[in-house]
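Right, one structure below, let's go through it.
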Amino acid sequence: LQHWDVFKQVTEVFILVPALLGLKGNLEMTLASRLSTAANIGQMDSHKELWKMITGNMALIQVQATVVGFLASIAAVVFGWIPDGHFSMDHAVLLCASSVATAFIASLVLGMIMIGVIIGSKKMGINPDNVATPIAASLGDLITLALLSGISWGLYKELESRAYVNPLVCAFFLSLLPIWIIIARRNSATREVLYSGWEPVIIAMAISSVGGLILDRTVSDPNFAGMAVFTPVINGVGGNLVAVQASRISTYLHMSGEPGEGPGTAPRKCPSPCSTFCSSDVNSRSARVLFLLVVPGHLVFLYTIHSMQGGHTTLTLIFIVFYMTAALLQVLILLYIADWMVHWMWGRHLDPDNFSIPYLTALGDLIGTGLLALSFHVLWLIGDRDSDVGD
């Protein structure tokens, strides 16, 4: 997609990519974690409770998606404008319309898929924590990127002949906000999140946008054009694995009562790496399993990219070593932060299902993009340069 006209002419779309792909962490994976916990502790057993949870949560994520999509477009405009000193109103409205439409439609589609997966998992006797968050993450990346590229390309074409289409699209999705707010407010399960759940979502979007700025600056340099194809992979895998761990720890704590009760009530200081990865605790064992999935998982993706000739980077041994080092370091940092953050939030009477995953996936985007950009720059400096870069 990096060679499409809209990505070439409106490079700020690159800044939107991590922010909108990060929405799956902010919204869908938080929804998956919240509903998985509700299913595991018996809050979705009756049809009435189930319908109440579905309508309230779907309305809630539509509100969050529309607002965050709008704010992400403003961040992209600002981050694109500051370094270049050039502002285009047409491009700003295009970014706003593309971002809001993508966020709204992606959240609607993914929300329905998540609800189906969680209900199906519960009926089949499978723990939804192990299934729902990875599906939300992987499908979220695929659907969101496809929608963003398709919508932005279509709206970019309309700029030439019908420039009024872009502001109309933006206004239409923003005008639906009051309807979703009313539905979410009527539901006791989502009313609290509607008022208190904005801080992690907006801060996570800002963190992801910084990752997007790094991506935009790096990919715009022809020497590092090959980075684009690896960014969704490294960020997707990191976000996937840490979301599973955060969701599992959160469910484990919910089994003992409400936030602030039971184990982990005292706000935790930073745990030692040994307690996170090497103890006999059930969450430590799952952290080890998730960390061991990094290398085989990424090797499959690297082989797929290579066989499809999808990238601009030759897979030399030194490149694979640098890439794997970046991926392992990213997941190691994320799993360690997750262990501390979920317990810390629980001790402060905050529900980790609503607050931890947005921060963790956004940090995954920032750390993954940063380490990948650093790897490409170091490889360039030590002479591992490709003759086919930018072809």
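Using N, Cα and C of the backbone, Cβ positions are placed for all residues, glycine too.
Automatic, uncurated: that is what TrEMBL annotation is.
Features of the protein shown, as given by TrEMBL:
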DOMAIN    17-151  domain 'SLC41A/MgtE integral membrane'
DOMAIN    231-374  domain 'SLC41A/MgtE integral membrane'
TRANSMEM  58-80  transmembrane segment
TRANSMEM  92-119  transmembrane segment
TRANSMEM  131-151  transmembrane segment
TRANSMEM  163-183  transmembrane segment
TRANSMEM  195-215  transmembrane segment
TRANSMEM  287-305  transmembrane segment
TRANSMEM  317-337  transmembrane segment
TRANSMEM  357-382  transmembrane segment
Long-range Cβ contacts under 8 Å made by the transmembrane segment (163-183), restricted to residues 6 or more beyond its ends, are 55-56, 59-60, 62-63, 66-67, 69-70, 90, 93-94, 96-97, 100-101, 104, 155, 194
Can you tell me which parts of the same chain pack against the transmembrane segment (357-382), counting only residues 6+ beyond its ends and a CB-CB cutoff under 8 A? 18, 21-22, 24-26, 29-30, 33, 133, 137, 200-201, 203-205, 207-208, 210-212, 214-215, 218, 223-224, 226-227, 230-231, 234-235, 238-239, 242-243, 246-247, 318-319, 322-323, 325-327, 329-330, 333-334, 337-338, 341
State the residues, same chain only, that lie 6 or more residues beyond the ends of the transmembrane segment (58-80) and have a CB under 8 A from a CB inside it; answer 'none' if no residue qualifies. 11-13, 15-16, 19-20, 23, 26-28, 31, 87, 91-92, 95-96, 98-104, 106-108, 111-112, 115, 173-174, 176-177, 180-181, 183-184, 187, 190, 193-194, 197-198, 201-202, 205-206, 209, 212-213, 216
For the domain 'SLC41A/MgtE integral membrane' (17-151), the DSSP helix/strand/coil residue counts are 121 helix, 0 strand, 14 coil
What are the DSSP helix/strand/coil residue counts across the domain 'SLC41A/MgtE integral membrane' (231-374)? 108 helix, 0 strand, 36 coil
Residue numbers, six or more beyond the limits of the transmembrane segment (92-119), whose CB comes under 8 Å of its CB atoms: 10, 12-13, 16, 19-20, 23-24, 27-28, 31-32, 35-36, 39, 44, 50, 54, 57-58, 61-62, 64-66, 68-70, 72-74, 76-77, 128, 131-132, 135-136, 139-140, 143-144, 147-148, 151-152, 155-156, 159, 165-167, 169-170, 173-174, 176
